[in-house]
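According to Swiss-Prot, the features are:
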- L125, G129, H130, L131: (6S)-5,6,7,8-tetrahydrofolate binding site (BINDING)
- K234: N6-(pyridoxal phosphate)lysine (MOD_RES)
- H233: site 'Plays an important role in substrate specificity' (SITE)
Amino acid sequence: MSNTQPFFSQPLAERDAPVRSAILKELERQQSQVELIASENIVSRAVLEAQGSVLTNKYAEGYPGKRYYGGCEFADEVEALAIDRVKQIFNAGYANVQPHSGAQANGSVMLALAKPGDTVLGMSLDAGGHLTHGAKPALSGKWFNAVQYGVNRDTMLIDYDQVEALAHEHKPNLIIAGFSAYPRALDFARFRAIADSVGAKLMVDMAHIAGVIAAGRHANPVEHAHVVTSTTHKTLRGPRGGFVLTNDEDIAKKINSAVFPGLQGGPLMHVIAGKAVAFGEVLQADFKTYIDNVLANAQALGEVLKAGGVDLVTGGTDNHLLLVDLRPKGLKGAPVEQALERAGITCNKNGIPFDTEKPTVTSGIRLGTPAGTTRGFGVAEFREVGRLILEVFDALRANPEGDHATEQRVRREIFALCERFPIY
């Protein structure tokens with residue numbers, strides 16, 4: 001036997017016990033806690049298998065049929081499958097599936113369609129936008145003249161009149177529609193009309209709602225935008241990564257050059273394999289049922305929380321996420337996030353529009369139903385989760401240091417619920 005054989009045969013448990021231990025503990029956490037982080041989901045066994053495949057060994061700089069390395073025949077097959085499937089899902093003419101993340105996808109569009117110093121108009125982080133849409137700490141806020149639009153103080157809805165006024169005042173080269181914490185549908189046609197009125201390109205970042213769009217439960221931005229970006233996880237249930245879509249051949253060429261060699265070197269072929277598998281799953285008939293359940297569960301969770309005395313930003317949701325205003329309960333986001341985690345429920349603290357608290361504290365939390373729906377939760381289960389969340393809220397309100405007895409009791413109920421809907 002070759003002395004290299006153990007390298008190829010020794011399992012992780014023998015090779016690196018500390019890493020194996022951490023992975024097993026994370027598996028146990030995912031199995032035993034309710035995941036309500038709106039940007040997270042649970043992938044299939046098939047996606048895990050593809051992402052853990054030998055494709056991790058392969059360098060494949062370039063694009064299918066035009067690689068800078070030899071031995072890319074089967075890498076080409078996998079990437080072509082991913083491209084064809086995502087084009088079919090969103091009825092797009094061109095797709096790039098190589099971005100390592102949504103941020104890389106957004107960065108590639110800016111590199112392709114704008115120059116440093118150009119004006120970019122995007123949704124402010126405070127109003128529910130994303131860091132990559134022009135926030136000051138991000139590259140997009142440093143390289144570009146980033147102008148930000150927000151929401152109406154009374155309705156908390158996007159103020160399209162403000163978007164239009166800012167566009168005419170600042171004449172942006174690029175307008176970005178998309179969000180990380182906005183619970184309502186977007187009017188892509190209105191965004192495109194505004195962009196056309198000032199000669200700007202329209203980019204839609206559909207990362208959060210890509211699955212909702214794929215299922216036909218939200219307007220398709222590919223029909224309106226010059227270019228569309230997304231992540232592959234969240235509501236699409238794929239591996240962590242990104243992609244870019246367009247129907248414009250010239251823009252597609254610029255995007256390809258911006259992704260490679262502009263921002264990235266070799267693509268992560270094992271992740272692209274996972275993307276291809278996930279896209280194939282989206283094309284199955286039961287994916288629409290899944291998304292319908294995600295939306296119904298979000299409505300059910302929201303109804304319970306509202307009945308329990310908390311406010312929902314905009315009054316409800318059109319998608320998979322809820323932005324919960326904790327001020328009626330006299331609570332803040334950071335301690336609520338911590339208390340819920342102690343009780344077996346994971347979410348994230350989140351600012352609400354016009355929040356006066358620091359981003360590390362916040363007046364709200366963001367909740368989402370995709371992961372719980374993936375493991376099989378229905379309306380009844382999400383109503384139960386909502387009831388348990390309210391119990392933690394009320395206990396924390398009575399005891400700001402945390403109510404250990406209530407949190408542990410809720411944790412036991414959450415554990416029992418999760419045992420009924422196992423993963424992996």
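Placement of Cβ uses the backbone N, Cα and C atoms for every residue, glycine included.
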- Query: Within 8 Å of the Cβ centre of L125, G129, H130, L131, which other residues of the chain have their Cβ, at the recorded (6S)-5,6,7,8-tetrahydrofolate site?
  - Reply: G122, M123, S124, G128, T132, H133, G134, A135, A138, F179, S180
- Fewest other Cβ within 10 angstroms of its own Cβ, chosen from the recorded positions H130, H233, K234: H130
- Item | Rounded inter-Cα distance in Å - G129 ((6S)-5,6,7,8-tetrahydrofolate binding site), the residue listed as 'N6-(pyridoxal phosphate)lysine' | 16
- Query: Do you know which of the binding-site residues L125, L131 has the most other C-beta atoms within 10 angstroms of its C-beta?
  - Reply: L125
- Task: With the residue listed as 'N6-(pyridoxal phosphate)lysine' as the reference Cα, tell me which of the binding-site residues L125, H130, L131 is the closest one.
- Result: H130
- Note on the structure: Taking all protein chains shown into account, the Cβ-based neighbour count within 10 Å for G129 ((6S)-5,6,7,8-tetrahydrofolate binding site) is 25
- Task: Could you find out if DSSP has the residue listed as 'N6-(pyridoxal phosphate)lysine' as helix, strand or coil?
- Result: helix
